[in-house]
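*Asks:* Marked as signal peptide by TrEMBL: 1-28. Summarising the annotation, TrEMBL assigns transmembrane segment to 279-301, 343-369, 375-395, 416-440, 475-498, 505-535, 547-566, 578-607.
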Amino acid sequence: MGMERRKPHAISMWMCFALLLLVHSVHSFYLPGVAPQDFEKGDLLKVKVNKLASVKTQLPYAYYSLPYCKPKKIEDSAENLGEVLRGDRIENSPYEFKMREPQMCNVVCHVTLSDKEVKEFKEKIDGEYRVNMILDNLPLVVPFRRPDTDTLVYQHGFPVGFKAQYAGSKEERYFINNHLAFTVKYHKDEETDAARIVGFEAKHFSIKHVYDGKSDDSKTRLTTCDPHAKRTVTNSNTPHVVDDREIIFTYDVDFQESEIKWASRWDTYLYMADDQIHWFSIVNSLMIVLFLSGMVAMIMLRTLYRDISRYNQLETQEEAQEETGWKLVHGDVFRSPMNSDLLCVYVGTGVQFLGMILVTMIFAALGFLSPSNRGGLMTAMLLLWVFMGIFAGYASARLYKMFKGSEWKKITLQTAFMFPGIVFVIFFVLNALIWVPLVFVGSYVGFRKPAIEAPVKTNKIPRQIPEQAWYMNPFFSILIGGILPFGAVFIELFFILTSIWLQQFYYIFGFLFLVFLILIVTCAEITVVLCYFQLCSEDYLWWWRSYLTSGSSALYLFLYAAFYFFTKLNITKPVSGILYFGYMLIGSYAFFVLTGTIGFFACFWFTKLIYSSVKID
């Protein structure tokens, strides 16, 4: 027996030792897909193209959905499932450079547009679509200075075109950006001639090219952009109107040596000038936690201690009957609630979400899910969701058995299909092939465990609940309970929505992890406080209310998403609006399941704790 007791401790020691070794050696390896690549002078650099994206419509399109210049064979370059789920469509392109060899006025191709293609270009310009490109895993950015702060800002991708009045006409016309001036920044190795790419920028121009000879002749010489005469495009004074169907696409390439090292090349993309706002968010959330912690400490150390001492000192049954408060409902407090099966399913799904988000944030905070590993975050979340099905099944089966349930396989199927069935209908086949077996494993283990024993016996006849004060009305207390958890995260929520809907990177996972921990504590504490007040009012129907109390924060999240839509986004098309609110409804529903489960387990632990501390005749 002594050896058996020492095994877990020994295993944990070895795990800690292994973790220390891992942390110590983090600098000595690179994640898959993000290892540095050295380029010698003259090496071929191939530019990849990504989706056409718009913050106005939120509907991505493939690059070649517009009649841009195409390579001889279009090849898909997606590397993982996460890229597909993000809507990325990475493909090869005819843009090719040679390392550290500048090029001027390269003609990519000549295109003659049809009526349909002219209409498509105009629609994309109206939708404010931007073209995304990638070089050595770095996305293309367009630098510009903000006039209000005179700071250099980087926008992802370049616009398809623009609308403007031209040549004295009062009517706005559509112009296409058909010339790109690329700048490739590199960091040269001090000992060798090799270099690494640390920046990929571009300036875009619209130019009505003029040429000698035939336009479809490969030897056509442009007079508006001539490398022999050292004439290049520097402005859009003679822009190309989309209605002028013949378009010539050209580009320049310049190489600039940079002091930025390869390990720091993503700092420009991830830079955020508002760290003070994030710290304010943390301080704001901590104040909420300290306030709730004080209330919980007062309840636990003063009120509960006094109540338990008084109850345990009662000598006669008559004295006990004269008492009021939470002890009187001891015979009903662990009575199975209505729709107990559904509660088990939601609790299990919430455990699955909690495990997925917690592990994902830990890995992200440690730097394992860098944006340079495109799609890695989505892939990790999907795989962790699948794996956490074990814990979902375990939690739902244990709770189901406590409610005297016997059909654990039915609960397993409901846990496996409830959330995915509502939200991810298109993943039904994947759910049937992958998720269900893992949920079965968790349910099988959970249901074989002994049932969770309530510390007090449940009466056969339910006790009558006295009339409650207006502020103890379930609807009112549930709405009040969701305000503080939402208040703990709403500032960080702004940056998350901005990264999702305004095509920006979010990589401050350290802040996000702290906010997430604060959210867990806040949900737990507000639910415990309101649960205690409910039991003191002799209302023992706490099961569902504990779930809904903290889960109601999802309602405020959805309302904030609506506020964000009308104040920050410029979405005008009905389809795009429906898309936005549909996705935010899914996110709010997931937030409801997550926060509701946290509140439920906190209240469950609190109820077991207080009723196991009193003597019951």
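Glycine too: its Cβ is placed from the backbone N, Cα and C atoms.
TrEMBL does not curate its annotations; it predicts them automatically.
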*Asks:* Using Cβ distances below 8 Å and needing 3 or more such pairs, separated by at least 6 in sequence, tell me whether the transmembrane segment (343-369) contacts the transmembrane segment (475-498).
*Replies:* no
*Asks:* Using a Cβ cut-off under 8 Å, which residues of the same chain at least 6 positions beyond either end of the transmembrane segment (505-535) come close to it?
*Replies:* 269-270, 272, 278, 281-282, 285-286, 288-289, 292-293, 295-296, 299, 303-304, 325-326, 329, 333, 357-358, 361-362, 364-365, 369-371, 472, 477, 480-481, 484-485, 488-489, 492, 495-496, 498-499, 542, 545-546, 549-550, 553, 595, 598-603, 606-607
*Asks:* For the transmembrane segment (547-566), what are the same-chain contacts with Cβ under 8 Å, counting residues 6+ beyond its ends?
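*Replies:* Same-chain contacts beyond the ends: 343, 346-347, 474, 477-479, 481-483, 485-486, 490, 493-494, 497, 501, 523-524, 526-527, 530-531, 577, 580-581, 584-585, 587-589, 591-593, 595-600, 603.
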